[in-house]
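Worksheet: one structure, shown below.
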Amino acid sequence: MKTIIVFLSLLVLATKFGDAKEGVNQKQKKEVTQNEFREEYLNEMAAMSLVQQLEAIERALFENEAGRNSRQKRCLGENVPCGDNIPCCGKLSCEKTFGYPWWYKSPYCVKPSSG
């Protein structure tokens, strides 16, 4: 209980005397407001405006590209059933497998034979 009282009293003292540098803070605020209207600040603001414009143009370009369905459609991998409605990937071909016809009821995506 005594430690809590000590910490609470320290907290009260810190909040009471913590803003002893209020005059310094007022000077810093005044300097900041004066610096806002310097040429460097205006140049920096112009650069930020340019960056925002470029980001808006980039966003518009990517929206148009996404609207054109420019991405390749998903396709199946190797050893996966395929058919007329389900295509294989570019380098694979849809072939009917041999052996166990009761097991393999549809053609599968396989690597084309080189022979």
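Glycine too: its Cβ is placed from the backbone N, Cα and C atoms.
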C94: disulphide-bonded cysteine as recorded in Swiss-Prot, out of C82, C89: C82
Of the candidates C88, C89, the one sharing a disulfide with C109 in Swiss-Prot: C88
Local Cβ density at C88 (disulfide bond) - other Cβ atoms counted within 10 Å: 20
Neighbour-count leader, CB within 10 A, disulfide-bonded residues: C89, C94, C109: C109
